[in-house]
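Contents: one structure, followed by commentary.
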Amino acid sequence: MKKEQDSNVTEFVLLGLSSSWELQLFLFLLFLFFYIAIVLGNLLIVVTVQVHAHLLQSPMYYFLGHLSFIDLCLSCVTVPKMLGDFLQQSKSISFSGCLTQIYFLHFLGASEMFLLTVMAYDRYVAICNPLCYLTVMNPQLCLWLVLACWCGGFIHSIMQIILVIQLPFCGPNELDNFYCDVPQVIKLACMDTYVVEVLMIANSGLLSLVCFLVLLFSYAIILITLRTHFRQGQNKVLSTCASHLTVVSLIFMPCVFIYLRPFCSFSVDKIFSMFYTVITPMLNPLIYTLRNADMKTAMKKLRIKPCGIPLPC
């Protein structure tokens, strides 16, 4: 904490996505639409899974409900602040607010990575060992796996904060992004940050890469198993795997690009940042529900009252 007290910087200035007032108004309307879609889409999945007992008892939909909840929370970390900044000429965030944003961003982001890895394991057991699926993926194991994901995210984010909070900041205080993240913040520290950068890469970059490789390996085994053992129902299973791989690619590839390299700036960094903070949370409900008959049927039943009277369209 001594390093924090020696810092002269009490707030950071966010440069955002654009300095043009007209473009900022357009971006405000665009991202407001995205945010509404994120909230409504993910909230619909969470409610659907919670209301229907047969979905809640299914490991795949149980994990999907938690994934939607994480996406809903993750979007609330960055998007509301970004929307407010679009309507202001001066965009700033306090030092404590910046640390809070970093903490929840990495807490929820790492928890989602671990959960996607768990979901890949769930699909592996379901496809490669279908007779033992319900025995292996029992409710107790599912609960412990979800708790492990949250604990892993908590430990990861605490490590990020511990490394950042010890750095002294003497100015300048401009962050070339629309939210606070570790790569931009540590570049503003008034000390040699080589060791911190290496630790950050080892923490965030390797975490993203290892989870990504584990996921690719799991789905490779699934595809090989489908090719050599199963003939019936391949299209449905391939559709599910394709959906999962789409989500995995949209989340992990930007994270690997941003965190698994020296902390130098590229012009596309902001675009990659938007993928895992805005685009992916918005697309997840579409990817997981449009081609899923069970979810679509369960959502339609939400329009029916308990007494059996259909609600008006």
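First residue shown is number 1, and so on along the chain.
Quick reminder: no glycine exception, Cβ is built from N, Cα and C everywhere.
Going by TrEMBL, these are the annotated features:
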type	residues	note
DOMAIN	41-288	domain 'G-protein coupled receptors family 1 profile'
TRANSMEM	25-49	transmembrane segment
TRANSMEM	61-83	transmembrane segment
TRANSMEM	103-121	transmembrane segment
TRANSMEM	141-165	transmembrane segment
TRANSMEM	206-226	transmembrane segment
TRANSMEM	238-259	transmembrane segment
TRANSMEM	271-290	transmembrane segment
On average, residues of the domain 'G-protein coupled receptors family 1 profile' (41-288) score a pLDDT of 85
Using a cut-off of under 8 Å between C-beta atoms, tell me which stretch among 61-83, 141-165, 238-259, 271-290 contacts the transmembrane segment (206-226) the most. 238-259
Chain residues outside the transmembrane segment (141-165) and at least six past its termini with a C-beta under 8 angstroms from it: 1, 3-4, 59, 62-63, 66, 99, 102-112, 114-115, 118, 182, 185-186, 196, 199-200, 203-204, 207
